[in-house]
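J.: To start, I am sharing the structure in question, which I have written as structure tokens.
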Amino acid sequence: MVLSGNRLTAKVEIASSSAFLNTDRAWVEINQAALYQNVKTIKQLLSPKTSLMAVVKADAYGHGAVTVAKTVLDAGGEALAVATLQEGIDLRLADIDAPILVLGAINTIEEIEAFSRWDLEATLCSPQQAQVFAETLRKTGKTLPVHLKLDTGMSRLGVLWEEAVAFVSLIQQFQELEIKSIYSHLATADENEESFMWLQKSRFDRAIERLKTSLNYTPPCLHLANSAGTLRDRSLHYDLVRVGLALYGLSPSPKFTSMPEGRSLRDIAPLEPVLQVKARITQIKDLPAGAGVSYGHKYITDRPCRIAVVGIGYADGVPRNLSNRLQVLWKGQKLQQIGAITMDQLMLDVTSCDNIQVGEIVTLIGKEGEQSLTADDWAQQLGTISWEILCGFKHRLPRLAKG
């Protein structure tokens with residue numbers, strides 16, 4: 001299709017004004033300096049022999065996988081982990097050449113062939129899957145680095161830890177598969193009650209010891225710890241740690257208090273939140289007492305008040321269940337959201353705000369002065385976890401790298 005002169009000019013003008021368009025309504029800001037420092041802080045907790053694998057699945061928990069991956073690697077991270085094959089390919093297309101582990105289970109021939117083509121590393125979690133991988137690779141004449149997953153109590157992916165010897169023995173029969181690591185995943189490391197976490201570690205250690213005694217085999221790399229395990233105890237670190245949420249400056253659990261020497265999580269690793277969510281005020285109006293606000297009139301003004309309409313809603317990742325509970329920051333002052341949060345917009349009570357103007361910015365998640373609002377705050381109000389909040393911010397919110 002050929003664009004007319006006027007359309008082509010308009011297209012160029014839009015492209016050249018993208019900086020304005022990225023912040024005309026609502027957006028996410030990524031503090032690269034904070035991310036860089038968080039990596040440094042976490043690295044300081046690790047022994048020199050322990051590597052850091054940054055978990056950047058789900059678009060780096062909503063932070064933007066490419067930006068995060070490059071910053072983490074610049075700060076000293078050694079490897080990356082994603083959930084899906086496509087997530088790994090997207091990083092390769094961005095010229096990222098660090099090792100990339102795909103944590104999810106892959107089973108189709110087409111996907112297996114893509115691993116070699118894109119230089120990605122696979123998780124193997126069952127004998128059947130290993131057989132398909134080996135047969136597919138045999139036809140191509142290629143070998144593939146693989147990470148073997150043991151289920152020590154998560155009851156998700158992986159062979160049962162008691163079957164580790166049989167699983168490794170099978171893999172060793174396939175010249176096409178190169179074991180790069182053996183790993184498992186902690187189910188309760190973010191809870192105060194520790195007993196099951198230590199049971200998982202014991203099972204993992206016993207499985208590895210059986211490999212040594214039964215097969216005379218020592219895995220080249222072991223990893224068990226997620227963010228919570230990494231921050232909780234160095235005995236969980238092994239050769240590599242897989243860190244996601246902590247990179248982004250959030251605690252694996254707000255109630256997580258059982259730390260070495262009785263110190264808090266923030267004392268052990270003072271991390272800074274990386275993500276901020278901001279939006280612009282699009283209209284200000286005065287309402288009389290008794291006016292219903294938004295769908296269903298779930299909020300009725302009890303006095304004459306001034307409201308501000310803000311250009312962000314549940315289609316952007318602001319949960320509708322926060323209606324009448326959400327707060328935002330304006331010039332360091334907390335403002336109350338009122339009425340039902342709608343698909344693209346929400347309303348604030350700004351009666352107490354002097355000189356508030358259309359076009360000004362409010363912060364939904366982030367810090368202004370001494371005040372801050374976090375994904376943890378939202379999660380606690382909703383009875384969920386901060387991971388879900390972060391992953392909920394949609395792609396129509398541009399990610400703007402700062403710092």
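Including glycine, each Cβ sits where the backbone N, Cα and C put it.
All annotation found in TrEMBL is predicted automatically rather than curated by experts.
According to TrEMBL:
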- LYS57: active site, proton acceptor (ACT_SITE)
- TYR295: active site, proton acceptor (ACT_SITE)
- ARG156, MET343: substrate binding site (BINDING)
- 274-402: domain 'Alanine racemase C-terminal' (DOMAIN)
- LYS57: N6-(pyridoxal phosphate)lysine (MOD_RES)
J.: Distance check, please: Cα of MET343 (substrate binding site) against Cα of TYR295 (active site, proton acceptor), rounded to an integer number of angstrom.
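T.: MET343 (substrate binding site) to TYR295 (active site, proton acceptor), Cα-Cα distance: 11 Å.
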J.: Would you mind listing, in sequence order, the residues at least six apart from ARG156 (substrate binding site) in the same chain with a Cβ closer than 8 Å to its Cβ?
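T.: Expected: HIS185.
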J.: Helix, strand or coil: which one is MET343 (substrate binding site) in, per DSSP?
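T.: Once the DSSP labels are grouped into three classes, MET343 (substrate binding site) ends up as coil.
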J.: Secondary structure at TYR295 (active site, proton acceptor) (DSSP, helix/strand/coil)?
T.: helix
J.: Write out the long-range same-chain contacts of TYR295 (active site, proton acceptor), meaning residues 6 or more apart in sequence whose Cβ is under 8 Å from its Cβ.
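T.: Once residues fewer than 6 apart are set aside, TYR295 (active site, proton acceptor) is near GLY339, ALA340, THR342.
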J.: Is it possible to list how many residues within the domain 'Alanine racemase C-terminal' (274-402) are helical, extended or coil according to DSSP?
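T.: Across the domain 'Alanine racemase C-terminal' (274-402), the residues distribute as 23 helix, 52 strand, 54 coil.
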J.: Taking all residues of the domain 'Alanine racemase C-terminal' (274-402) together, what is their mean pLDDT?
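T.: Mean pLDDT for the domain 'Alanine racemase C-terminal' (274-402): 97.
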J.: According to DSSP, folded down to helix, strand and coil, what is LYS57 (active site, proton acceptor)?
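T.: Helix, per DSSP.
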J.: Highest Cβ count within 10 Å among the recorded positions LYS57, MET343: which residue is it?
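T.: Comparing the recorded positions LYS57, MET343, the most crowded Cβ belongs to LYS57.
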